[in-house]
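These notes are about the structure you will find just below.
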Amino acid sequence: MTIGNNTAPKKERKSSKKGKQVDENAPLLPKTHGEDGGFDEFNGASFPGAVFNLSTTIVGAGIMALPATMKVLGLVLGVAMIIFMAFLTEASIELLLRFSRVSKSSSYGGLMGDAFGKVGKNLLQVAVMINNIGVLIVYMIIIGDVLSGTTADGIHHPGVLEGWFGVHLWNGRTAVLLITTLGIFSPLACLKRLDSLSYTSALSVALAVLFIVITMGITIVKLINGSIMMPRLLPDVTNMASFWNLFTVVPVLVTAYICHYNVHSIDNELEDSTQIKPVVRTSLALCSSVYVMTSIFGFLLFGDSTMDDVLANFNTDLGIPYSSFLNDAVRVSYAAHLMLVFPIVFHPLRLNLDGLLFPSSRPLNQDNVRFASLTIALISVIFLGANFIPSIWDAFQFTGATAAVCLGFIFPASITLRDRHYIATSKDKMLCVFMIVLAVLSNGVAIYSDAYALIKKNSSPTA
């Protein structure tokens, strides 16, 4: 998941199944800033394993915000946008892989460096940092919502701990996040190697499937007994403000598919690198199916009361047997999953920050003082962000409209338009212009709409 300026050709990479020789210029995770050395646990990965890893990269906290996009777009347009973003993501990744082959770059950072030099590589590192900080803040917000509850539109949705023990100072949002940060996130973030946390990929997919199965089951039962109303199929546009509000879903959808920074690592793991394109297509098809089902059944179940974090809706009587048990099972299991995934996202964040601040220093895992300082600083920023950002929708709006859109569309399109190796076709360049225009305009409108809504909300009490 880390970004390195890695330009080793694919043919020099050898699987550990074939021998012990490993090209030191083609790592999964960099050990130094100037010369990449890596861990070789997953060399020679199978096709299913690669699909599983990439799918885990894609399906994260974003899945919980997708039902809320149906509330804005309506069911028909919302599903269509999820599928459209999957095709656009596949196109952008295909461009990255094609230019990586020609430039003999085995990392996203190496490809940006090949196209735009050191400035390009540094821009990519900054984008990965912003994206990962935003994702980790979202993880903390969801954990706070699940354990301590959240309040929206004057209605309080109690958390699991409030339901079990009542309201106390120790299970308030700030206290719970502080305890979780010190007791779980900090120890996990101090691990210098990720091999002991590899099982969290399986847990991620299993919990996503569990969430879908439970939601589908509840929705089908309520459809049969007639307690679910017909959902809104199209957006409700009554004025200009509601029209501009439609664009606020774009950053959320962009963030839901961001996996570009991990594609090269998974490609490096494959024994047969020609399989990477089928891996990408299979993963996107799988994740799109998960997203569509989650969005449809989540919106059917909760309708216009769907919250930005749909997990927060699982705190009331669902109208079926064992409702309380199902609510707690869904929320606690997914919160536990996010806690375990935290260090996997945190690890490349810390390495990229170290690469920007100390590019000529010795490897980070050999300097305990630097390692501890960066860890404490980053966890503090994430903790403060989770306490002051009101909802995951706001966090997704910021990261999706800035770093995620750059990683997913603007950077791949810019590399193609730069075309240092003269391989881009006219069709490629037209697609890239479309990507950039769509990304800039839609996210610009989304930022304006959010800012306008925030200003209007803050000024309304004095009106």
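Cβ atoms here come from the backbone N, Cα and C positions, even for glycine.
Residues or ranges marked as region 'Disordered' by TrEMBL: 1-33.
What TrEMBL lists as domain 'Amino acid transporter transmembrane' is 45-448.
Among the features that TrEMBL reports, transmembrane segment is placed at 72-97 (among others).
Feature annotation from TrEMBL assigns transmembrane segment to 122-142 (among others).
Per TrEMBL, the feature transmembrane segment maps to 170-191 (among others).
Sequence annotations record features per position, and here TrEMBL assigns transmembrane segment to 203-224 (among others).
The transmembrane segment annotation in TrEMBL covers 244-263 (among others).
The transmembrane segment annotation in TrEMBL covers 284-303 (among others).
According to TrEMBL, the transmembrane segment annotation covers 332-349 (among others).
The transmembrane segment feature in TrEMBL is assigned to 369-389 (among others).
Taken from TrEMBL, the feature transmembrane segment applies to 395-418 (among others).
Marked as transmembrane segment by TrEMBL: 430-455 (among others).
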Near the transmembrane segment (170-191), which residues from the same chain, at least 6 beyond its ends, have a CB less than 8 A from one of its CBs?
140, 143-144, 147-149, 159, 161-162, 197, 339-340, 342-343, 346-347, 350, 372, 375, 379, 383, 386-387
Can you name the far-off residues of the same chain, 6+ from the ends of the transmembrane segment (122-142), with a Cβ under 8 Å from a Cβ of it?
2-3, 60-61, 64, 108-109, 112, 116, 177, 180-181, 255, 258, 261, 309, 311, 334-335, 338-339, 341-342, 345-346, 348-349, 352-353, 355-356, 378, 381-383, 385-386, 389, 391-392, 395-396, 398-399, 402-404, 406-407, 411
Which one of these stretches, 203-224, 284-303, 369-389, has the most C-beta pairs shorter than 8 Å to the transmembrane segment (72-97)?
284-303
